[in-house]
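As written in TrEMBL, here are the features:
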- 68: active site, proton acceptor (ACT_SITE)
- 69: Ca(2+) 1 binding site (BINDING)
- 138: substrate binding site (BINDING)
- 168: heme b binding site (BINDING)
- 169, 220, 223, 228: Ca(2+) 2 binding site (BINDING)
- 37-90: disulfide bond (DISULFID)
- 96-296: disulfide bond (DISULFID)
- 175-207: disulfide bond (DISULFID)
- 27-300: domain 'Plant heme peroxidase family profile' (DOMAIN)
- 1-26: signal peptide (SIGNAL)
- 64: site 'Transition state stabilizer' (SITE)
């Protein structure tokens with residue numbers, strides 16, 4: 001997964017858990033706020049739904065924040081935090097990291113994906129530096145070995161990685177993230193031969209060589225506003241936007257899983273729930289390693 005380097009990277013990574021080193025073994029549980037803020041999940045869901053109705057960007061942005069970073073997703077967390085803290089008994093009782101985990105589940109469900117139970121009990125980070133991020137986010141040009149290595153370092157399997165890659169079924173990317181695949185792939189071929197030819201031509205039309213760097217296109221050319229298994233069907237057709245997407249089908253080691261999930265959405269949904277639950281346990285902060293932020297966009 002990758003390609004989501006946008007805004008507030010350092011700050012947002014400090015409050016989430018992402019693919020960064022684990023700082024503590026957390027005792028997460030589903031009913032963590034049962035006594036302190038029993039209605040927290042419905043409060044967050046209502047706030048997220050309101051934001052979703054304002055702009056669909058809420059969906060990919062929030063998912064990307066859970067994985068890596070995103071400005072609009074950060075705004076969703078801030079609004080949900082304000083809604084939670086508006087309830088006197090909940091004020092300063094629920095972490096921004098937990099709100100993000102719940103909001104991610106909610107936007108996935110709102111866009112047609114599976115709903116699932118979220119484990120809670122995270123604390124927010126006390127500090128963060130750019131150096132702590134460098135080299136810990138996957139790159140759009142990664143091959144299967146590189147993807148597997150990065151995810152395995154955090155207890156995530158190849159199957160988990162393939163499932164989490166489906167986050168690219170919603171959202172958009174700037175042309176610069178994949179321009180090498182359509183203009184300057186290698187000495188033998190200007191266009192990546194694993195790209196569907198018609199799709200490559202379409203990408204060239206949407207992203208000419210001197211394109212405005214602010215231009216962005218849908219990552220899923222078929223159902224960009226639905227969280228679904230069409231992502232895998234696209235890979236079968238050579239329509240993975242990034243090298244790190246298409247390699248999941250191009251490499252014979254991962255192709256069987258892509259084929260299975262392209263054919264069965266229920267199987268994919270089950271695997272995705274397993275993977276995102278495991279991702280939510282990575283790098284969780286507890287005890288002295290964290291606190292509950294009064295404001296999600298600032299350290300206490």
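Using N, Cα and C of the backbone, Cβ positions are placed for all residues, glycine too.
TrEMBL annotations: computationally assigned, not manually curated.
Of the chain residues outside the Ca(2+) 2 site list 169, 220, 223, 228, 170, 222, 224, 225, 226, 227, 229, 230, 231, 234 have their Cβ within 8 Å of the site's Cβ mean position. Residue 220 (Ca(2+) 2 binding site) sits 7 Å from residue 168 (heme b binding site), counting Cα to Cα. Note on the binding-site residues 169, 223: the fewest other CB atoms within 10 A surround the CB of 223. Rounded to a whole value, the Cα-Cα separation of residue 64 (site 'Transition state stabilizer') and residue 168 (heme b binding site) is 9 Å.
For residue 168 (heme b binding site), the nearest of the recorded positions by C-alpha distance turns out to be 223; the candidates were 90, 138, 175, 223, 296.
Minimal Cβ crowding within 10 Å, among the disulfide-bonded residues 37, 96, 207, 296, is found at 37. Of all Cβ atoms in the protein chains displayed, 21 besides its own lie within 10 Å of the Cβ of residue 175 (disulfide bond). Mean pLDDT for the domain 'Plant heme peroxidase family profile' (27-300) in this predicted model: 92.
Nearest to residue 296 (disulfide bond) in space, judged by Cα atoms and limited to the recorded positions 37, 169, 223, 228, is 37.
When Cβ atoms from all protein chains are considered, those within 10 Å of the residue listed as 'substrate binding site' total 22, not counting its own. Between the alpha carbons (Cα) of residue 228 (Ca(2+) 2 binding site) and residue 207 (disulfide bond) lies a span of roughly 25 Å. Distance from the CA of residue 169 (Ca(2+) 2 binding site) to the CA of residue 96 (disulfide bond) is 25 Å. For residue 207 (disulfide bond) paired with the residue listed as 'substrate binding site', the C-alpha to C-alpha distance reads 23 Å.
Within the same chain, residues at least 6 positions away in sequence whose Cβ sits under 8 Å from that of residue 90 (disulfide bond) are 33, 36, 37, 39, 40, 43, 84. Between the C-alpha atoms of residue 138 (substrate binding site) and residue 175 (disulfide bond), the distance comes to 18 Å.
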